[in-house]
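Visitor: Look at TrEMBL and you will find 507 tagged as active site. The Mn(2+) binding site annotation in TrEMBL covers 355, 527. Positions annotated as domain 'FAM20 C-terminal' by TrEMBL: 402-619. The transmembrane segment annotation in TrEMBL covers 27-49, 61-84, 96-119.
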């Protein structure tokens, strides 16, 4: 075989030595091309046949390496052969021609020796299971994991072998090891909520879960093809049984007497309803939308792709517009004013900050990941400033604020209290403008909302401090004041506090509830545009309600503990969730620095809860009933 590979390069040069005094170029060129084609078949055929008989992994490396060898050898043979013929036809010495022949044969022999390793190396396809286990091992064994677990006081009693997967065990028993890890995750999450481990069927009151073959209640573990977000939402903590929703617990009711003969086609889950109407009819006393709501996909599609038929000014301190769709749905648009990687100026007060479009979108995703579901769906969209705003608006004052910038970008500034001027105009590129579109809630004529002043509202002054900033026992007064003296209002406020701290939102002066449900309902987490302004620093004062009151929902604590584990790390889940937004194709909605800040702030929240539990134990001995509010028992009592 070696002679056959050497033979094609030997023949043309031999002819050039035999016929040095003639003009053999045409004949030699024909012979050269013939033997080069012969060489290509000898070189490529074995590899091509071998590649076809093996997997696709073995097709890539040897086959393309042979092409590299072939073209390199062809180039050297052409150059040296033509050079030899040129020199020999000029009656040069046979010694020179012989030297060229030796050089050609030596180089060609070297190429053949190098190419033999390509034939001998067999490229086996990596085992998908081994690849995935390697990824999981890298995820679990990161320094971040050990730092996270060490910072949690509740994990101090956990054996070290349950915190990190031993790489020596990642062999053929890898799936079993990972399922055991998932089982430990579930038991740890349950242990945090109760102070003891217990296995058995799902119990609404005790929140214990059955640990099955694949970790938890038969849910597939990480490593079975699920994304981070899917794995989190499949966890038992996100699929706890809930009491049935009574008719009075729905926000809206369809008046069938006004529909007449078409009443049979009207119900809450009818596919004939537009997505925005299904969203409105799905609002209950406990949440804006259910877990794994199938209506989220068509609703997001409407917000991001449906034709906009009108655009009008909306109230507020900064620029936002009300956008209407052909099916009568409406959404609030907030335009892009700040680049994603740009941090808020440290010289600005919290009440002077810009509102960011990506903050509204990321807040919706974070609220859903935490299991709250109290922020209306928000989606990113590229809006044509001319055809989707200027040409269709009926607001003449808004239309007069449009202008063309010196670089031919279409801009406008609208009308509002802050940052609505030529100096703070929003501009397309040249006409496309990034924006967030958040689904509007039912009109107040159908579902009245009540606005509540937050007890921990900031002073919104450059020099004055709020009462809670000066009184460390301020929460004792709040606990005696309605509606915080009973029910779930206080822990609802703590939930909102945790959300605001994670995303760095200092602008929570009021919150709203649906008046129909009275005080026994969830809080609406609206207006989150000033969140995610800074990633380099945290604002501990946002956590003051939790620090002072030392009260938290059991379900909230369990979710936070779960999101601190490496399999369900908050930053990873958020990255996965935000990747489904349409604007992700333009750029990630949150920078990696903001995602890392979420993990860092989550540690701070859990440390605060641990300090509260330690203070409780130091005062009253064992037990943390004053710290952890058993919301599952409360929901069951209300439903009965």
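Backbone N, Cα and C atoms are what each Cβ position is placed from, and that goes for glycine too.
A TrEMBL annotation is a machine prediction, not a hand-curated record.
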Visitor: Rank the recorded positions 355, 507, 527 by how many other Cβ atoms lie within 10 Å of each Cβ and give me the one with the fewest.
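Guide: If we count Cβ atoms within 10 Å for the recorded positions 355, 507, 527, the smallest count is at 507.
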Visitor: Please report the Cα separation of residue 527 (Mn(2+) binding site) and the residue listed as 'active site' in Å, rounded to an integer.
Guide: 9
Visitor: Across the domain 'FAM20 C-terminal' (402-619), what does the pLDDT come to on average, as a whole number?
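Guide: Summarising the domain 'FAM20 C-terminal' (402-619) by its mean pLDDT gives 95.
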Visitor: How big is the gap, in Å, between the Cα of residue 507 (active site) and that of residue 355 (Mn(2+) binding site), rounded to a whole number?
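Guide: Taking the Cα atoms only, residue 507 (active site) lies 10 Å from residue 355 (Mn(2+) binding site).
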